[in-house]
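Undergrad: Take a look at the following structure, please.
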Amino acid sequence: MKALLDLFKQVQQEEIFDAIKIGLASPDKIRSWSFGEVKKPETINYRTFKPERDGLFCAKIFGPIKDYECLCGKYKRLKHRGVICEKCGVEVTLAKVRRERMGHIELASPVAHIWFLKSLPSRLGMVLDMTLRDIERVLYFEAYVVIDPGMTPLKARQIMTEEDYYNKVEEYGDEFRAEMGAEGVRELLRSINIDEQVETLRTELKNTGSEAKIKKYAKRLKVLEAFQRSGIKPDWMILEVLPVLPPELRPLVPLDGGRFATSDLNDLYRRVINRNNRLKRLLELKAPEIIVRNEKRMLQEAVDSLLDNGRRGKAMTGANKRPLKSLADMIKGKGGRFRQNLLGKRVDYSGRSVIVVGPTLKLHQCGLPKLMALELFKPFIFNKLEVMGVATTIKAAKKEVENQTPVVWDILEEVIREHPVMLNRAPTLHRLGIQAFEPVLIEGKAIQLHPLVCAAFNADFDGDQMAVHVPLSLEAQMEARTLMLASNNVLFPANGDPSIVPSQDIVLGLYYATREAINGKGEGLSFTGVSEVIRAYENKEVELASRVNVRITEMVRNEDTSEGAPQFVPKISLYATTVGRAILSEILPPGLPFSVLNKPLKKKEISRLINTAFRKCGLRATVVFADQLMQSGFRLATRAGISICVDDMLVPTQKEQIVGDAAKKVKEYDRQYMSGLVTAQERYNNVVDIWSATSEAVGKAMMEQLSTEPVVDRDGNETRQESFNSIYMMADSGARGSAVQIRQLAGMRGLMAKPDGSIIETPITANFREGLNVLQYFISTHGARKGLADTALKTANSGYLTRRLVDVTQDLVVVEDDCGTSNGVAMKALVEGGEVVEALRDRILGRVAASDVVNPETQETLYEAGTLLDETAVEDIERLGIDEVRVRTALTCETRYGLCASCYGRDLGRGSLVNVGEAVGVIAAQSIGEPGTQLTMRTFHIGGAASRAAVASSVEAKSNGTVRFTATMRYVTNAKGEQIVISRSGEAMITDDIGRERERHKVPYGATLLQLDGAQIKAGTQLATWDPLTRPIITEYGGTVKFENVEEGVTVAKQIDDVTGLSTLVVIDVKRRGSQASKSVRPQVKLLDANGEEVKIPGTEHAVQIGFQVGALITVKDGQQVQVGEVLARIPTEAQKTRDITGGLPRVAELFEARSPKDAGILAEVTGTTSFGKDTKGKQRLVITDLEGNQHEFLIAKEKQVLVHDAQVVNKGEMIVDGPADPHDILRLQGIEALSRYIVDEVQDVYRLQGVKINDKHIEVIVRQMLRRVQIVDNGDTRFIPGEQVERSDMLDENDRMIAEGKRPATYENILLGITKASLSTDSFISAASFQETTRVLTEAAIMGKRDDLRGLKENVIVGRLIPAGTGLAFHKARKAKEQSDRERFDQIAAEEAFEFGTPSTPAEEPQHPAE
């Protein structure tokens, strides 16, 4: 028996729970929480400061004010614990119970809870099936509602005005009952039979056909079923008892001068109590109905204000006219309970100070000011002082520390040793924003930071501050040391590139040391070793940049891998190099060849160097190497003594002439404009074009002049070498500045933009060296100011995007090693406009192969499915010319409630397969959100330079190889023997000798092909040409032209060209046609053969009809003979409006929010043949006949550009009307893989434009979360409702159960939710409530009696548990296993004892109950 008791004791100690349930409280429940009724509105006595009895702060209800002391002072001290004083009625206990004890107010008349009334959709309205307006009229005493119609013709829930009511009473007497106010609504709620209603609704759902009704019923059914399942009674939405918050949570603090500061809640409660007491009195006095009614209405309004002030009517205001802060306001928003106190706590043992550079530190160290350390490590010092016997008590120890005796400093040194601290720089945009360092005590008051970690923190030393936190427990120290130490975080989690890359001075120093000069001092000397070079250099016999020959010893990996053999062996070889490079070779880590250093080290090169070191030599060697590179860089930069002066800015000699020519051209355009030859817009575009070209030309001339300098070589010949100009070196090395900036210093500043983004056509021809005049300076300020305003906006927007991303992915954690799926996506190199934008190797690096990778030549398997493709693997794949690899992806992972390691692949921040427990969702969100501030905010208006560049009229090959056409390419040969493309989506590829795709080009409709399939070509060969300014309509059949509905003045108009004098027919807009009849006709062409019969489409009975669009210029005449491939009409493309491209941050947000673009393109719903039906007003009708012969119609606005023509075969999901794609359509018609490809590519386009690298897998992780809900199509035997959206994992679990029980599973379709919507629709109500729309989320959850299983990270942070990620995941797993074994042990003991005493055994109840 004792064992049993022990176990119970154990359980009671700490509250362990696995879930939290939320529900509506019944009146009895509220009374059971309460410690007494609050009857008076008084708070505290202003003279004695003692709480009034029965008031809002009453000590009898809520507990004593001082620990273990009753109010009147009769009982004091611990010995009376638990006694209730007979004089003042206060229980003697701890004062902190005033934080947890609740009271209640018995309401004289029931009151509706405003959340369930006004939070849309109104829950009360749904349950009662009445409109919100009607319920409000009843609740606020403006109308009666029929409760029981009796034998009268009235209907239940009918609304009637007061006048009506009295008439009906006269007519029917007391045959019927009607009420007003919350009592009436409560009666109605009580009269509802939920089970019956649910049955009726289910049958109605099955039988009804109307969409609107189905939606309405499904919504109501969902709410009613929630009540049914959760056991919550609907009439609890009407309050009879109001709980009162514990007084410590709504404090009243006396200020000096006899005034009080109080929480707004006290005011609100006071109003409720006052009105409630007044109502009680009125009821006792049997006051007239109208007065009572008014008082009841006021009580309802007072309670509304207390719960959610301002939701209905005007907000209640305090004395200072500002709205009072109600209970709802306490929890929602940035300053509410969730975001302010639960997710954003302040941390003890922390400090902050300014940072300064600490170039002498090692990478894992930081300099901590002594005074700061003393304060932060106080408890550790106290402990040490006691242990050492220096101080006897904590008080004495405190004195020692305050006096800062010498022994304290010694102890501080000891305490701090090997105790890492965490440094954080706000804003913490990704996980490298907090790193751990070993502190080194320093004098002064600023924290010293290692220069190489600045990139990760995005810190600089212009006054940035950082915060220090001390991990206290041993576990925390261990985690800080192993997981967060700066030297263990050398790669960016976003893209796997090294984060400890040198920048600025270091780069400049290394670059200067590794440059080579012609005819430097000591050129051509040979040295036997590096030490000899150093000696020569120190004696000024050679210069750093002189070319010399040196014997260099490299440590290479030993081929012999047997036991005891050394890992590296020396290898000596003679290199032609420079003095600087030879000197640098001393710091190369073993395993790297000298060739990696034997080139000028620019920033990119250094980054590549560190990356190579990491992959080849491991983490430790890399960290040491980076540190040494930094030391050398600083030293060499100092030795170099590079500085810049005005003379370094060389203004090109040709500048005047270039600018003069441009001005002449501009004058010429002005003249043309004046004489009316060009429009104002054309003139503006041309002027802007000329100036941007000029500015480029000046820049080019300047760079040519800057980048080389004349020099005499050893043989006395004059040659040119790369320049040693300081400004040029800074930009070229990547240390600071860019070609654009140099162009502004020494070339010309060029065109400036107005704040609205349009370009000012007057350029700034001066540069900073020559100086700007007043007008030029003014134009400059215009753009600069806009830049600053933009930056401020951008930061806020970017932060909000990150917050939404984190919220949608926060519960995605790697929970298992392998889900065993064989699905994946096919990865190809990303090609755009013929350029390889991203090579295949970059896209598959660090992924797991989904199917075997096979050598195309020998057909042998190189890598089996399930292999992690590392650097060597991708190099093999690239070498063998494999151009497509199927890899696992987060999108197809079959793990429920998480991801598996194989589908995710490599953890980019560590360089190895991701660990179980890694919070990959948050990392993905951070990786996408962190560079958000670098993206632009603006929408690009295509105009001027941009649009001119976009007009291409031919496509040429960039590499040698063989031309291949895709399957969609169709072309015909015309009379001249030219091949004319008649497909809309044809592409030409160039493949190399082993069949690998090298480039791919879209070839537009109507282009002339110059090379055919299979042709061998050289780089630079033209593949196709076309007219960029018009879009042709081409016939695929020959014959005689027969016009239909082509009537001058009705459907077409004659246009006479001013210049040539020729007339052409142009199709006019429907809106401009005169008569009603002519609006529906469509001008078109039929073809007649030699016998005068209409030419039919081969294999069908349809005649060939070729329709003309609005604006088409008809180039053939009626009755003219045409050949195959001839042009019938041309549509000028100038008429296409230039679309604004949404760029930057707004575009990323738009994609992740899955917004349907306005004027979206239309995709074909089915595979079939197109034809045009009868046009309606302003719309044209496109019909697709599928293979079964069913017709699908699309109505398309006339101004839209239809991409298909009559009788064309289209595939499902192909675009048929031009416009931006709608992601929802892509998902529906092309599936998940196509959708993910679309979103990934579009997001990457935005980031690539800014030069930001993000790995695809992060975007895929977000897309997975956007797809995490499915819509039920047919519910089978499951508990779901058709049309309901449910979590995919729940759906699959439920289906598994159905299949196991032999019932019908549900069918579903994927739906795409934007990130905000996805966050709000998560299963965890705690997470959703802390994100946005707190009220709505909590209302819904309470009605459903939702249970939060605490799966995600956010919920666990809020309830204060370890998060189920990283070490926390292991902790929770272990805890659950232990609980399981405890339970088994418990059952076993119970069984044994039952056996002993002969009583029947009962299995133990589970000790966990969801916490209410």
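Including glycine, each Cβ sits where the backbone N, Cα and C put it.
Below are the features I grabbed from Swiss-Prot:
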BINDING   C70, C72, C85, C88  Zn(2+) 1 binding site
BINDING   D460, D462, D464  Mg(2+) binding site
BINDING   C819, C893, C900, C903  Zn(2+) 2 binding site
REGION    1392-1412  region 'Disordered'
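Context for these features, please: burial, neighbours, distances.
TA: Applying an 8 A CB threshold to same-chain residues 6+ apart, the list for C70 (Zn(2+) 1 binding site) reads A59, P64, K76, V83, C85, K87, C88, V90, E91, V92.
For D464 (Mg(2+) binding site), applying a Cβ distance below 8 Å and a minimum sequence separation of six or more within one chain yields V354, I355, R425. According to its DSSP assignment, D464 (Mg(2+) binding site) is coil.
In the three-state DSSP reading, C903 (Zn(2+) 2 binding site) counts as helix. Spatially close to C903 (Zn(2+) 2 binding site) yet at least six residues away along the chain are C819, T821, V848, R888, T889, A890, T892, C893, T895, judged by Cβ distances under 8 angstroms.
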Undergrad: Using C-alpha positions only, work out which of the binding-site residues C72, D460, D462 is nearest to C900 (Zn(2+) 2 binding site).
TA: D460
Undergrad: Taking DSSP as the reference, which of helix, strand or coil describes C893 (Zn(2+) 2 binding site)?
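TA: C893 (Zn(2+) 2 binding site) sits in coil per DSSP, no helix or strand.
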Undergrad: What is the number of other Cβ atoms found within 10 Å of the Cβ of C819 (Zn(2+) 2 binding site)?
TA: 19
Undergrad: Rank the binding-site residues D460, D462 by the number of other Cβ atoms within 10 Å of each Cβ, and give the residue at the low end.
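TA: Per-residue Cβ counts within 10 Å for the binding-site residues D460, D462 bottom out at D462.
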Undergrad: Whole-number Å distance between the CA of D460 (Mg(2+) binding site) and the CA of C72 (Zn(2+) 1 binding site)?
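TA: Each residue's Cα considered, D460 (Mg(2+) binding site) and C72 (Zn(2+) 1 binding site) end up 61 Å apart.
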Undergrad: Measuring Cα to Cα, tell me the gap between D462 (Mg(2+) binding site) and C72 (Zn(2+) 1 binding site) in whole angstrom.
TA: 61
Undergrad: Tell me, if you would, which residue among C72, C85, C88, C900 (binding-site residues) has the fewest other CB atoms within 10 Å in the structure shown?
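TA: Each of the binding-site residues C72, C85, C88, C900 was scored by Cβ atoms within 10 Å; lowest is C72.
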Undergrad: Near the Cβ of C893 (Zn(2+) 2 binding site), how many other Cβ atoms are there if near means within 10 Å?
TA: 25
Undergrad: For the recorded Zn(2+) 1 site formed by C70, C72, C85, C88, which further same-chain residues have Cβ atoms within 8 Å of the site's Cβ center?
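TA: Counting only non-site residues, the set is A59, L71, G73, K74, Y75, E86, K87, G89, V90.
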